[in-house]
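Scroll down for the structure; my scribbles are underneath it.
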């Protein structure tokens with residue numbers, strides 16, 4: 001619960017920073033007559049809306065288990081991760097549509113205005129991205145790429161702005177934009193695959209199913225592992241469903257065996273365990 005509360009606070013901070021800055025971009029872009037800055041303001045406003053949605057879903061995921069969601073609402077944060085990954089993909093495609101035509105007809109920009117906005121953009125988005133990057137939730141991971149995209153974009157604007165103070169090479173802007181979009185897409189798809197694996201019930205990364213089985217079968221009273229299912233609930237908490245064949249034993253001994261299994265699996269990063277015992281005699 002503490003980690004999800006922290007995730008919610010991190011996302012809230014990123015949302016506020018992005019929203020305030022995007023409004024500032026609209027005003028600043030209008031004042032310096034920069035279509036590029038105002039276009040980026042639209043992109044950042046979309047990021048802010050995505051962050052706001054993720055903040056809501058992250059807070060919602062903190063709800064305790066009930067009759068409808070017996071594992072709790074943790075997976076709602078994954079829904080936020082999916083939505084944000086989709087928005088990032090759409091945003092990257094939008095960058096392509098804007099940048100590719102500019103390769104052939106570069107536009108002149110206000111270099112000094114670009115530099116000042118770039119400095120503020122790097123500082124604000126960089127701080128928010130750093131906070132989210134330290135988070136443990138999948139949602140925070142995807143959102144950190146939202147903000148990293150903005151940071152890289154503003155670094156590109158800063159570099160181009162400095163160059164344009166001395167050289168008339170306006171084609172640099174679309175070239176850097178395309179490179180950044182490609183970089184973001186690669187990492188978004190990586191996070192998207194991670195999210196989909198969780199939703200599809202894949203064995204969590206870092207857990208070797210053969211090692212889990214071997215450790216459990218190493219318990220003296222266990223004869224064999226019949227069925228073993230391991231999955232992640234939300235990218236942080238892992239669960240296991242287990243069917244064991246054991247020696248004939250009474251209720252007290254079976255409780256001891258289950259405790260031994262839980263001690264073994266907890267060391268392998270499995271938090272929730274459902275264990276069914278069946279005696280060799282009845283197998």
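Cβ coordinates come from backbone N, Cα and C, glycine included.
Whatever TrEMBL says is automated annotation, not expert-curated.
Quick caveat, the model's predicted, so the values are computed rather than measured.
Database features, via TrEMBL:
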TRANSMEM  12-35  transmembrane segment
DOMAIN    12-200  domain 'Cation efflux protein transmembrane'
TRANSMEM  78-101  transmembrane segment
TRANSMEM  113-130  transmembrane segment
TRANSMEM  142-165  transmembrane segment
TRANSMEM  171-189  transmembrane segment
DOMAIN    204-279  domain 'Cation efflux protein cytoplasmic'
Maximum Cβ pairs under 8 Å to the transmembrane segment (12-35) - stretch from the list 78-101, 113-130, 142-165, 171-189:
113-130
Honestly, do the transmembrane segment (113-130) and the transmembrane segment (142-165) touch, with at least three Cβ pairs under 8 Å and pairs 6 or more apart in sequence?
yes
Secondary structure content of the domain 'Cation efflux protein cytoplasmic' (204-279), with strand meaning DSSP E or B:
25 helix, 28 strand, 23 coil
Tell me, roughly as an integer, the mean pLDDT over the domain 'Cation efflux protein cytoplasmic' (204-279).
88
